[in-house]
Amino acid sequence: MVIIHSPSYDLHNHEGHVENSGRTRAILRAIESSDLSPRFVEPGMAGIDDILMVHSSTHVEYLEVFAGRGGGWLDYDTYMTPESFSVARLSAGGAMLAAEEALRDGWSYSLGRPPGHHATYDRSMGFCIFNNIAIAIEHARRNLGVSRPLVLDFDVHHGNGTSSIFYRDRDVMYISIHQDPRTLFPGTGFIDETGSGEGEGFNLNIPMPRGSGNREYLWILGMILPAVLEGFRPDMIFVSAGFDAHRRDPLAEIMVDEEFFSWIGWFIHQTGLPCTAVLEGGYDPEALGRSNIAFMRGLDGEEYEPETAAPGGVSEIFSQLSDRFSAYFNF
(Lines of atoms letter the chains of each structure in order from A and count residues from 1; the text may use other names and numbers.)
(Lines give C-alpha, C1' and ligand atoms only; values in the text may rest on other atoms or scores of the structure.)
Protein backbone atom coordinates (compact mmCIF):
# COMPACT_ATOMS: atom_id res chain seq x y z
CA MET A 1 0.00 0.00 0.00
CA VAL A 2 1.77 3.11 -1.28
CA ILE A 3 0.57 6.68 -0.66
CA ILE A 4 2.18 9.64 -2.37
CA HIS A 5 2.05 12.78 -0.26
CA SER A 6 4.03 15.92 0.54
CA PRO A 7 3.54 18.39 3.40
CA SER A 8 4.20 21.09 0.81
CA TYR A 9 0.70 20.55 -0.58
CA ASP A 10 -0.47 22.65 2.38
CA LEU A 11 1.13 25.74 0.80
CA HIS A 12 -1.79 25.88 -1.63
CA ASN A 13 -4.36 27.00 0.90
CA HIS A 14 -7.22 29.42 1.45
CA GLU A 15 -8.86 28.89 4.83
CA GLY A 16 -12.12 30.46 3.72
CA HIS A 17 -12.43 28.01 0.82
CA VAL A 18 -13.76 24.45 0.97
CA GLU A 19 -10.72 23.21 -0.99
CA ASN A 20 -8.13 23.84 1.71
CA SER A 21 -5.27 22.07 3.42
CA GLY A 22 -7.58 20.66 6.07
CA ARG A 23 -8.81 18.11 3.54
CA THR A 24 -5.61 16.10 3.30
CA ARG A 25 -4.93 16.58 7.01
CA ALA A 26 -8.30 14.93 7.74
CA ILE A 27 -7.35 11.95 5.58
CA LEU A 28 -3.92 11.64 7.21
CA ARG A 29 -5.52 11.71 10.68
CA ALA A 30 -7.92 8.96 9.63
CA ILE A 31 -5.04 6.82 8.36
CA GLU A 32 -3.10 7.37 11.58
CA SER A 33 -6.12 6.30 13.64
CA SER A 34 -6.68 3.16 11.55
CA ASP A 35 -4.82 -0.13 11.42
CA LEU A 36 -3.61 0.57 7.88
CA SER A 37 0.16 0.72 7.43
CA PRO A 38 0.86 2.40 4.10
CA ARG A 39 4.30 3.25 2.82
CA PHE A 40 4.49 7.00 2.30
CA VAL A 41 6.58 8.37 -0.56
CA GLU A 42 7.24 12.05 -1.18
CA PRO A 43 7.05 13.19 -4.82
CA GLY A 44 9.04 15.64 -6.87
CA MET A 45 7.58 18.31 -9.10
CA ALA A 46 6.40 17.44 -12.58
CA GLY A 47 8.59 19.04 -15.22
CA ILE A 48 7.14 21.72 -17.45
CA ASP A 49 7.42 19.29 -20.38
CA ASP A 50 5.31 16.83 -18.37
CA ILE A 51 2.62 19.47 -17.84
CA LEU A 52 2.69 20.30 -21.55
CA MET A 53 1.66 16.73 -22.38
CA VAL A 54 -1.92 17.82 -21.66
CA HIS A 55 -1.90 21.63 -21.29
CA SER A 56 -1.08 24.50 -23.64
CA SER A 57 2.18 26.40 -23.20
CA THR A 58 0.31 29.72 -23.19
CA HIS A 59 -1.86 28.56 -20.30
CA VAL A 60 1.06 27.20 -18.28
CA GLU A 61 3.04 30.40 -18.77
CA TYR A 62 0.04 32.48 -17.70
CA LEU A 63 -0.34 30.49 -14.47
CA GLU A 64 3.35 30.84 -13.63
CA VAL A 65 3.20 34.61 -14.08
CA PHE A 66 -0.11 34.86 -12.19
CA ALA A 67 1.28 33.03 -9.15
CA GLY A 68 4.55 34.96 -9.38
CA ARG A 69 2.63 38.20 -9.05
CA GLY A 70 1.04 37.04 -5.82
CA GLY A 71 -1.80 34.86 -7.05
CA GLY A 72 -5.47 35.58 -6.54
CA TRP A 73 -8.66 34.27 -8.11
CA LEU A 74 -8.49 32.62 -11.54
CA ASP A 75 -12.28 32.55 -11.61
CA TYR A 76 -15.06 32.81 -9.05
CA ASP A 77 -14.03 29.65 -7.19
CA THR A 78 -10.44 28.76 -8.17
CA TYR A 79 -7.62 30.46 -6.28
CA MET A 80 -3.83 30.56 -6.50
CA THR A 81 -1.38 31.55 -3.79
CA PRO A 82 2.18 32.65 -4.62
CA GLU A 83 3.20 29.01 -4.04
CA SER A 84 0.38 27.41 -6.03
CA PHE A 85 2.21 27.03 -9.33
CA SER A 86 4.95 24.98 -7.70
CA VAL A 87 2.48 23.06 -5.55
CA ALA A 88 0.34 22.23 -8.58
CA ARG A 89 3.46 20.89 -10.30
CA LEU A 90 4.12 18.83 -7.17
CA SER A 91 0.56 17.48 -7.22
CA ALA A 92 0.99 16.47 -10.86
CA GLY A 93 4.35 14.92 -10.01
CA GLY A 94 2.68 12.94 -7.25
CA ALA A 95 0.19 11.48 -9.70
CA MET A 96 3.01 10.55 -12.08
CA LEU A 97 4.96 8.85 -9.29
CA ALA A 98 1.81 7.04 -8.19
CA ALA A 99 1.49 5.52 -11.66
CA GLU A 100 5.05 4.23 -11.41
CA GLU A 101 4.44 2.78 -7.95
CA ALA A 102 1.21 1.08 -9.02
CA LEU A 103 3.00 -0.76 -11.79
CA ARG A 104 5.51 -2.02 -9.22
CA ASP A 105 3.22 -2.74 -6.26
CA GLY A 106 -0.30 -3.24 -7.65
CA TRP A 107 -1.97 -0.06 -6.45
CA SER A 108 -1.07 3.38 -5.21
CA TYR A 109 -2.81 6.56 -4.12
CA SER A 110 -1.72 10.11 -4.87
CA LEU A 111 -2.96 12.06 -1.87
CA GLY A 112 -2.29 15.44 -3.41
CA ARG A 113 -3.89 18.79 -3.93
CA PRO A 114 -4.93 20.95 -5.62
CA PRO A 115 -7.19 18.45 -7.41
CA GLY A 116 -7.24 18.24 -11.17
CA HIS A 117 -10.11 16.66 -13.09
CA HIS A 118 -11.81 19.95 -14.07
CA ALA A 119 -8.65 21.44 -15.60
CA THR A 120 -8.86 21.47 -19.41
CA TYR A 121 -6.16 21.89 -22.04
CA ASP A 122 -6.17 25.67 -21.65
CA ARG A 123 -8.18 26.51 -18.54
CA SER A 124 -7.94 26.00 -14.77
CA MET A 125 -11.33 25.78 -13.09
CA GLY A 126 -13.39 24.06 -10.42
CA PHE A 127 -10.62 24.31 -7.77
CA CYS A 128 -8.21 22.61 -10.23
CA ILE A 129 -4.94 24.03 -11.62
CA PHE A 130 -3.38 21.20 -13.66
CA ASN A 131 -5.08 17.94 -14.63
CA ASN A 132 -3.07 15.58 -12.45
CA ILE A 133 -4.65 12.35 -13.59
CA ALA A 134 -4.39 13.22 -17.28
CA ILE A 135 -0.69 14.01 -16.84
CA ALA A 136 -0.20 10.68 -15.04
CA ILE A 137 -2.00 8.84 -17.83
CA GLU A 138 0.17 10.42 -20.51
CA HIS A 139 3.28 9.66 -18.45
CA ALA A 140 2.19 6.03 -18.20
CA ARG A 141 1.47 5.80 -21.93
CA ARG A 142 4.64 7.49 -23.13
CA ASN A 143 7.14 6.24 -20.57
CA LEU A 144 5.82 3.22 -18.66
CA GLY A 145 4.44 0.92 -21.36
CA VAL A 146 0.74 1.38 -20.58
CA SER A 147 -1.33 1.27 -23.76
CA ARG A 148 -5.01 1.03 -22.74
CA PRO A 149 -5.78 2.98 -19.57
CA LEU A 150 -9.29 3.09 -18.17
CA VAL A 151 -10.30 6.11 -16.10
CA LEU A 152 -13.00 5.70 -13.46
CA ASP A 153 -14.14 9.05 -12.07
CA PHE A 154 -16.58 8.78 -9.16
CA ASP A 155 -16.33 12.39 -8.01
CA VAL A 156 -19.85 13.82 -7.73
CA HIS A 157 -18.96 16.43 -10.37
CA HIS A 158 -18.30 15.43 -13.96
CA GLY A 159 -14.59 15.50 -14.77
CA ASN A 160 -14.98 17.79 -17.75
CA GLY A 161 -11.25 18.41 -18.03
CA THR A 162 -10.22 14.76 -18.23
CA SER A 163 -13.13 13.99 -20.52
CA SER A 164 -12.21 16.77 -22.95
CA ILE A 165 -8.49 15.95 -23.01
CA PHE A 166 -9.16 12.36 -24.12
CA TYR A 167 -12.42 12.95 -26.00
CA ARG A 168 -10.95 11.98 -29.40
CA ASP A 169 -8.73 9.17 -28.11
CA ARG A 170 -9.82 5.59 -28.72
CA ASP A 171 -7.12 4.18 -26.45
CA VAL A 172 -8.32 5.88 -23.25
CA MET A 173 -11.65 4.77 -21.79
CA TYR A 174 -13.21 7.46 -19.60
CA ILE A 175 -16.13 6.56 -17.30
CA SER A 176 -17.71 9.14 -14.99
CA ILE A 177 -20.56 8.62 -12.55
CA HIS A 178 -21.77 11.95 -11.20
CA GLN A 179 -24.81 13.98 -10.20
CA ASP A 180 -27.12 14.99 -13.05
CA PRO A 181 -25.31 17.89 -14.76
CA ARG A 182 -28.56 19.82 -15.05
CA THR A 183 -28.33 20.29 -11.29
CA LEU A 184 -24.59 20.64 -10.60
CA PHE A 185 -21.32 22.19 -11.78
CA PRO A 186 -19.80 22.00 -14.39
CA GLY A 187 -22.96 21.33 -16.40
CA THR A 188 -21.36 18.65 -18.59
CA GLY A 189 -21.40 14.87 -18.57
CA PHE A 190 -24.62 13.98 -20.37
CA ILE A 191 -25.25 10.52 -21.81
CA ASP A 192 -24.88 11.76 -25.38
CA GLU A 193 -21.32 12.99 -24.74
CA THR A 194 -19.74 9.78 -26.00
CA GLY A 195 -16.49 10.95 -27.59
CA SER A 196 -15.79 12.12 -31.12
CA GLY A 197 -13.84 10.97 -34.15
CA GLU A 198 -11.77 7.92 -33.28
CA GLY A 199 -12.76 8.44 -29.65
CA GLU A 200 -16.46 7.86 -30.29
CA GLY A 201 -17.74 5.28 -27.81
CA PHE A 202 -14.88 5.69 -25.33
CA ASN A 203 -16.41 8.43 -23.16
CA LEU A 204 -19.19 7.07 -20.95
CA ASN A 205 -21.16 9.31 -18.61
CA ILE A 206 -23.56 8.07 -15.94
CA PRO A 207 -25.59 11.07 -14.73
CA MET A 208 -27.33 10.17 -11.48
CA PRO A 209 -30.50 11.79 -10.10
CA ARG A 210 -30.28 13.82 -6.93
CA GLY A 211 -30.87 11.59 -3.92
CA SER A 212 -29.29 8.48 -5.45
CA GLY A 213 -27.58 6.31 -2.85
CA ASN A 214 -25.58 3.12 -2.44
CA ARG A 215 -28.25 0.85 -3.91
CA GLU A 216 -28.55 2.81 -7.17
CA TYR A 217 -24.81 3.37 -7.54
CA LEU A 218 -23.95 -0.29 -6.96
CA TRP A 219 -26.68 -1.47 -9.31
CA ILE A 220 -25.78 0.66 -12.31
CA LEU A 221 -22.01 0.27 -11.93
CA GLY A 222 -22.48 -3.46 -11.47
CA MET A 223 -24.30 -3.53 -14.79
CA ILE A 224 -21.81 -1.35 -16.67
CA LEU A 225 -18.28 -1.84 -15.36
CA PRO A 226 -17.87 -5.59 -16.05
CA ALA A 227 -19.06 -5.12 -19.63
CA VAL A 228 -16.69 -2.21 -20.25
CA LEU A 229 -13.77 -4.11 -18.75
CA GLU A 230 -14.52 -7.07 -20.98
CA GLY A 231 -14.98 -4.98 -24.11
CA PHE A 232 -12.18 -2.45 -23.68
CA ARG A 233 -9.63 -4.74 -22.00
CA PRO A 234 -7.59 -2.09 -20.16
CA ASP A 235 -4.10 -2.72 -18.90
CA MET A 236 -4.29 -0.19 -16.06
CA ILE A 237 -6.99 1.64 -14.09
CA PHE A 238 -6.77 5.29 -13.09
CA VAL A 239 -9.26 6.51 -10.50
CA SER A 240 -10.33 10.11 -10.03
CA ALA A 241 -11.15 9.55 -6.38
CA GLY A 242 -13.61 12.23 -5.35
CA PHE A 243 -15.57 11.65 -2.15
CA ASP A 244 -18.10 14.47 -2.49
CA ALA A 245 -20.89 12.06 -3.44
CA HIS A 246 -21.04 11.26 0.29
CA ARG A 247 -24.37 12.11 1.88
CA ARG A 248 -22.66 14.52 4.31
CA ASP A 249 -20.90 16.55 1.65
CA PRO A 250 -22.06 20.18 1.44
CA LEU A 251 -21.61 20.68 -2.31
CA ALA A 252 -23.96 18.08 -3.81
CA GLU A 253 -27.07 15.98 -3.32
CA ILE A 254 -25.98 12.38 -3.84
CA MET A 255 -26.47 10.13 -0.83
CA VAL A 256 -23.84 7.38 -0.88
CA ASP A 257 -21.72 6.62 2.17
CA GLU A 258 -18.64 4.62 3.13
CA GLU A 259 -20.21 1.38 1.93
CA PHE A 260 -20.06 2.55 -1.67
CA PHE A 261 -16.40 3.53 -1.39
CA SER A 262 -15.59 0.14 0.17
CA TRP A 263 -17.36 -1.62 -2.67
CA ILE A 264 -15.73 0.35 -5.49
CA GLY A 265 -12.28 -0.19 -3.99
CA TRP A 266 -12.94 -3.91 -3.65
CA PHE A 267 -14.34 -4.10 -7.20
CA ILE A 268 -11.17 -2.52 -8.59
CA HIS A 269 -9.02 -4.88 -6.52
CA GLN A 270 -10.89 -7.85 -7.96
CA THR A 271 -9.92 -6.88 -11.52
CA GLY A 272 -6.29 -7.70 -10.77
CA LEU A 273 -5.17 -4.68 -12.78
CA PRO A 274 -2.64 -2.12 -11.53
CA CYS A 275 -4.50 0.89 -10.19
CA THR A 276 -3.54 4.48 -9.47
CA ALA A 277 -5.99 6.59 -7.49
CA VAL A 278 -5.69 10.38 -7.49
CA LEU A 279 -7.52 12.51 -4.92
CA GLU A 280 -10.17 14.84 -6.32
CA GLY A 281 -13.07 16.25 -4.25
CA GLY A 282 -14.64 15.68 -0.85
CA TYR A 283 -15.42 18.61 1.44
CA ASP A 284 -16.79 17.27 4.72
CA PRO A 285 -13.61 16.47 6.70
CA GLU A 286 -15.07 13.68 8.83
CA ALA A 287 -16.78 11.96 5.90
CA LEU A 288 -13.67 12.44 3.77
CA GLY A 289 -11.48 10.66 6.30
CA ARG A 290 -13.87 7.73 6.80
CA SER A 291 -14.54 7.35 3.09
CA ASN A 292 -10.85 7.25 2.26
CA ILE A 293 -10.22 4.51 4.80
CA ALA A 294 -13.11 2.49 3.37
CA PHE A 295 -11.82 2.96 -0.18
CA MET A 296 -8.24 2.02 0.73
CA ARG A 297 -9.37 -1.10 2.58
CA GLY A 298 -11.26 -2.17 -0.53
CA LEU A 299 -8.30 -1.49 -2.81
CA ASP A 300 -6.12 -3.50 -0.45
CA GLY A 301 -8.40 -6.50 -0.89
CA GLU A 302 -10.66 -6.41 2.15
CA GLU A 303 -13.69 -8.33 0.95
CA TYR A 304 -16.91 -6.41 1.00
CA GLU A 305 -20.43 -7.79 0.85
CA PRO A 306 -22.57 -4.93 -0.45
CA GLU A 307 -26.11 -4.22 0.54
CA THR A 308 -28.70 -5.31 -2.00
CA ALA A 309 -28.33 -3.27 -5.17
CA ALA A 310 -31.51 -1.97 -6.77
CA PRO A 311 -32.19 0.20 -9.81
CA GLY A 312 -34.50 2.63 -8.04
CA GLY A 313 -34.91 5.58 -10.38
CA VAL A 314 -31.93 4.84 -12.61
CA SER A 315 -33.24 1.99 -14.79
CA GLU A 316 -34.11 4.48 -17.54
CA ILE A 317 -30.57 5.88 -17.42
CA PHE A 318 -29.20 2.38 -17.87
CA SER A 319 -31.58 1.75 -20.76
CA GLN A 320 -30.36 4.89 -22.52
CA LEU A 321 -26.73 3.94 -21.96
CA SER A 322 -27.34 0.42 -23.21
CA ASP A 323 -28.87 1.76 -26.42
CA ARG A 324 -26.19 4.41 -26.91
CA PHE A 325 -23.25 2.04 -26.40
CA SER A 326 -24.68 -1.13 -27.95
CA ALA A 327 -22.12 -1.00 -30.76
CA TYR A 328 -19.25 -0.99 -28.26
CA PHE A 329 -20.20 -2.95 -25.13
CA ASN A 330 -22.58 -5.75 -24.24
CA PHE A 331 -24.35 -4.37 -21.17
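The backbone N, Cα and C atoms fix where each Cβ goes, and this holds for glycine too.
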Candidate from ASP244, ASP249, ASP257 that Swiss-Prot assigns to the same Zn(2+) site as ASP155, HIS157: ASP244
Residues near ASP244 (Zn(2+) binding site) in space but at least six apart in sequence (CB under 8 A): ASP155, VAL156, HIS157, LEU251, ALA252, GLY281, GLY282, TYR283
Neighbours of ASP155, HIS157, ASP244 excl. site residues, C-beta within 8 Å of centre, Zn(2+): VAL156, HIS178, GLN179, GLY242, ALA245, LEU251, ALA252, GLU280, GLY281, GLY282
Which same-chain residues, if any, lie at least 6 apart from HIS118 (active site, proton donor/acceptor) yet have Cβ under 8 Å of it: MET125, GLY126, PHE127, CYS128, HIS157, GLY159, ASN160, GLY161, PRO186
